[in-house]
């Protein structure tokens, strides 16, 4: 499938649906409350993530594709927090803020990797007049290549038929990840993406492939769909269209750690590819590959362009590619659970040269996984001067991601990655040059955790500064 690409130059996607804020409180539990027989959690850390339709938008943004998100929120602190979280990822938020309802929020309290309690703050939107939302949709939809309607049964899509008709009038394909058993309400959509359980709840038990195909085609006819994609867990996914052969894709997941949000990833990549002008077959292929990546991560996660490109071209050595700090912590936890030795290094890597290549190859040989932490553009500028970096962060990480020696990449904004190293706690911290181990940022944290620190030599004569000076001489 080398002709397929994860670069979506023309795509623009609009998402409308039930938006949520997922909050996580983490803490230690060492005693039982004297007030009631319940554990006392001393909260030490918290995290916020976009949920529901907002997670769909996050998936699209992670592919470097313009995305607008519409939905209903409250005029409250959580609505503001969700908007800020999304805007940081360059997602265009076009919400209707209600005085009468709170922003849907799910607060999870965890200790020792176990969820102790979930608190839901929500009221369904079935009694809300959605005329403002419909007006926003009608105004914006013509500017996008695909519309995703993300249904979590909270009421934002109570006028889903009107939404479908607005998109059809604008000749924009409508993709829906359905909720419940009333699929007739999605009549006229371009494509539905039910999982096998949702599909069988509507059409009845399917014991053979022939039954899946027959009942799927009947469903397409009954509710006037263009296509139906049934996601089937370990059996992959099956695309059905009238008068065309079924298109089946086996699963590409090597290891499954968590299926949370996999459906969001499938519909996000599918819509993005269709909006980019790809065929149904190519779009489903890319969505299937993306699903195989995301189920290998813990929690609600996204897939980057680099990860998708690597997976398409069968580059397993690059692992999960570019990650956030939270994603990296999950990936490291999984790798350590498998008994893998984690090596970590850091640098600017502004202009990659043979010295960098050999250094990273030597570092990789010291363990099973190599993490490379990369200075942000502002961090490089503070360290190297106003004329640096030559290459921006996105380009520097994209080049590093193509190296077989590099498993994971993570950016950091500080002058040193000391905080990041303290969070990741690799088994081995590596630095190139003439440092003493105790001078290396993060060494104390690694030693305190039982890890080791090692200094590697750079190749003589290889440096970014030398490369820049040679380029200046050529210009002169």
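Cβ coordinates are placed from backbone N, Cα and C, and glycine is handled just like the others.
For residue 264 (active site), the Cβ neighbour count at a 10 Å cut-off comes to 29, with all displayed protein chains included. According to Swiss-Prot, the feature active site maps to 264, an assignment based on sequence analysis.
Residues or ranges marked as ATP binding site by Swiss-Prot: 195, 196, 197, 198. Neighbour count (other Cβ atoms within 10 Å of the Cβ, all protein chains): 20 for residue 198 (ATP binding site).
The region 'Ribokinase' annotation in Swiss-Prot covers 1-318.
Residue counts of the region 'Cytidylyltransferase' (344-476) by helix, strand and coil are 56 helix, 26 strand, 51 coil (DSSP-based). The region 'Cytidylyltransferase' annotation in Swiss-Prot covers 344-476.
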Most Cβ neighbours inside 10 Å, all chains, among the binding-site residues 195, 197: 195
Cβ within 8 Å of the mean position of the Cβ atoms of 195, 196, 197, 198: remaining residues of the chain near ATP: 194, 199, 200, 201, 230, 231, 232
C-alpha spacing of residue 264 (active site) relative to residue 195 (ATP binding site), in angstrom: 12
Whole-number Å value for how far residue 197 (ATP binding site) lies from residue 264 (active site) (Cα to Cα): 16
Distant-in-sequence Cβ neighbours of residue 196 (ATP binding site), under 8 Å, six or more positions away: 230, 231, 232, 233, 235
Confidence summary (mean pLDDT) of the region 'Cytidylyltransferase' (344-476): 86
